[in-house]
């Protein structure tokens with residue numbers, strides 16, 4: 001692969017140096033005029049759009065400028081379509097509820113490179129309702145991201161148990177970021193990478209502990225599983241311990257990772 005400098009500003013020595021450093025010391029190719037490259041690309045794209053038969057063997061690929069995903073427990077950005085994915089594209093992933101007997105899930109769609117949604121850009125929100133009563137984590141909610149050739153994003157959420165679904169469509173001119181804002185978000189992700197990594201690890205550890213506590217709670221209450229194998233005294237002791245842990249988690253959202261591991 002070659003690194004090609006495109007655009008007049010790439011003649012600036014400092015920019016060339018930064019590009020070289022970004023690619024771990026690999027020298028950019030200097031055999032292409034950066035101004036001519038822009039003009040050539042624009043001409044080819046114009047030919048493709050106008051249906052010129054001579055451009056039949058040429059393909060210009062559009063890519064997703066920022067990672068797309070949804071918000072999950074703890075404000076985590078769960079990624080579905082990574083940055084620089086060639087479009088059109090489609091990706092699905094299974095999610096579930098965050099509490100027992102939850103009748104509605106809210107799907108918040110974000111773009112950005114940070115691990116928490118508070119640092120990314122909200123594109124849209126919609127609700128999936130009518131979820132039958134069930135323990136936390138049991139319902140199967142399939143979320144699908146689809147980007148067409150025009151860059152239009154369609155997000156669908158479907159309850160696999162009932163077939164109930166809802167969706168949102170986000171166009172290119174609807175609450176989207178400018179190229180300058182996109183560049184800033186990418187730079188921020190690199191700048192705060194180490195800090196974000198530690199924060200994400202703490203939240204993941206908390207979520208794992210919470211999931212384990214609720215799973216154990218459900219098993220204790222199920223006579224066909226752990227609940228049927230315990231004596232009344234042991235069952236009462238375990239139920240009390242689990243409830244205390246859940247209450248502690250709810251009142252210590254910002255505890256240190258060491259506390260969650262204790």
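One is the number of the first residue shown, and numbering goes on along the chain from there.
Even glycines carry a Cβ here, placed using N, Cα and C.
The ATP binding site feature in Swiss-Prot is assigned to 8, 9, 10, 11; the stated evidence is similarity to another entry. Look at residue 9 (ATP binding site): DSSP puts it in a helix.
The annotation N6-succinyllysine is assigned in Swiss-Prot to 91 on the grounds of similarity to another entry. Under a cutoff of 8 A between CB atoms, and with a sequence separation of 6+ in the same chain, the neighbours of residue 91 (N6-succinyllysine) are 80, 81, 144, 145, 146.
Mapped onto three states, the DSSP output places residue 136 (omega-N-methylarginine) in coil. A simple way to gauge crowding: the CB of residue 136 (omega-N-methylarginine) has 18 other CB atoms within 10 angstroms, across all the protein chains here. Residues annotated as omega-N-methylarginine in Swiss-Prot, with similarity to another entry given as evidence: 136.
For residue 162 (O-AMP-threonine), the number of other Cβ atoms no farther than 10 Å from its own Cβ, over all displayed protein chains, is 11. The O-AMP-threonine annotation in Swiss-Prot covers 162.
Annotation comment: Swiss-Prot describes 229 as N6,N6,N6-trimethyllysine. Just so you know, the Cβ of residue 229 (N6,N6,N6-trimethyllysine) picks up 12 other Cβ atoms within 10 Å once every protein chain is counted. Residue 229 (N6,N6,N6-trimethyllysine) falls outside any helix or strand according to DSSP and counts as coil.
According to Swiss-Prot, the N6-methyllysine annotation covers 229 (among others), on the basis of similarity to another entry.
The N6-methyllysine feature in Swiss-Prot is assigned to 235 (among others). All protein chains included, residue 235 (N6-methyllysine) registers 16 other Cβ atoms within 10 Å of its own Cβ. Secondary structure at residue 235 (N6-methyllysine), as computed by DSSP, is helix.
Residues in the region 'Substrate-binding (SBD)' (64-144) partition by DSSP class (helix H, G, I; strand E, B; coil) as 3 helix, 39 strand, 39 coil. Annotation source Swiss-Prot lists region 'Substrate-binding (SBD)' at 64-144, citing similarity to another entry.
Summary of the ATP site environment: with the site residues 8, 9, 10, 11 set aside, the chain residues having Cβ atoms within 8 Å of the Cβ mean position are 5, 7, 12, 15, 34, 35.
Spatial neighbours are here defined as Cα atoms within 10 angstroms of one another, and by that definition the neighbours of residue 229 (N6,N6,N6-trimethyllysine) among the recorded positions 8, 10, 136, 162, 235 are 235. Geometry remark: residue 162 (O-AMP-threonine) versus residue 9 (ATP binding site), CA distance 55 Å.
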